[in-house]
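Copied over from TrEMBL:
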BINDING   Gln107, Lys123, Thr222, Leu223, Trp224, Leu225  ATP binding site
BINDING   Asp142  Mn(2+) binding site
DOMAIN    188-273  domain 'FAM20 C-terminal'
Amino acid sequence: MKLKQRVVLLAILLVIFIFTKVFLIDNLDTSAANREDQRAFHRMMTSLHIELDPRLDHTLQSPWEIAAQWVVPREVYPEETPELGAVMHAMTTKKIIKADVGYKGTQLKALLILEGGQKVVFKPKRYARDYVVEGEPYAGYDRHNAEVAAFHLDRILGFRRAPLVVGRFVNLRTEIKPVATEQLLGTFMTVGNNTCFYGKCYYCRETEPACADGDIMEGSVTLWLPDVWPLQKHRHPWGRTYREGKLARWEYDESYCDAVKKTSPYDSGPRLL
């Protein structure tokens, strides 16, 4: 082989060697980064895991008093608390001692009082989980499991601003009707072999009741905030008009966000986030 051919061959081999080296290093770096990402993900999942255990290792033995102490101006529950599982367990198991129509709003719900005097909001299941609602984004009823998902998403994002929510099955015949107020009881009916109620709300109709599977109804249970924290209503800056063909300002005004930043209460603090 001539000298010139040898030089060309060596140059080609050198280029191949360099590319192979770079490729292997990149792969090693990527693999290491992926492994670290996986470890971080598993650490996060471990920290978010909740054991629904009724035991309380706390000077207070009432789960409701513990949860009430958590609420401060910037969060509804602390970042790390071993009692969270016990409070959520109580929400799923404590006896219902009173049931009434839910407070005013657009969606059907019931106000329940659990053993120990704790108020919770019960939102019934209206759809099968795989049912797709057609139409506008606001069409149809609220999904009860969306309330549960919102609470856990709030935990994952670290906002800690959403009230505690759990899923719960209730027997309408044995758990609700015996302790229901006359107002709520007057909305009960039987459709086929299923116990149903339509409650009271802006869009609640006798013709559109929520029905159990027989007597057993699935729903979400949301913990009521302590009465020492009165609720205030702030209009969501990205709310919809709920009118067909009418756009909200944020849907057509490119400078809308700048205006929101100058409007109370979004003009200070991290609330806008």
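Cβ atoms are placed via backbone N, Cα and C, with glycine included.
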For this session: Just name the winner among Gln107, Thr222 (the binding-site residues) by count of other CB atoms within 10 A of its CB.
Result: Thr222
Exercise. Listed ATP-binding residues Gln107, Lys123, Thr222, Leu223, Trp224, Leu225 - what's their greatest C-alpha to C-alpha distance in Å?
Worked result: 19
For this session: May I ask for the distance between Trp224 (ATP binding site) and Asp142 (Mn(2+) binding site), taken between their Cα atoms and rounded to an integer number of Å?
Result: 18
Seminar exercise, completed: Same chain, |i - j| six or more, Cβ under 8 Å of Leu225 (ATP binding site); the result in sequence order is Val71, Val76, Pro163, Leu231
Problem set entry | Intrachain C-beta neighbours of Leu223 (ATP binding site), sequence separation six or more, cut-off 8 angstroms | Ala67, Val87, Met91, Gln118, Val120, Pro163, Leu164, Val165
Seminar exercise, completed: For Lys123 (ATP binding site) and the residue listed as 'Mn(2+) binding site', the CA-to-CA distance in whole Å is 9
Exercise. Do you know the DSSP helix, strand and coil residue counts for the domain 'FAM20 C-terminal' (188-273)?
Worked result: 8 helix, 19 strand, 59 coil
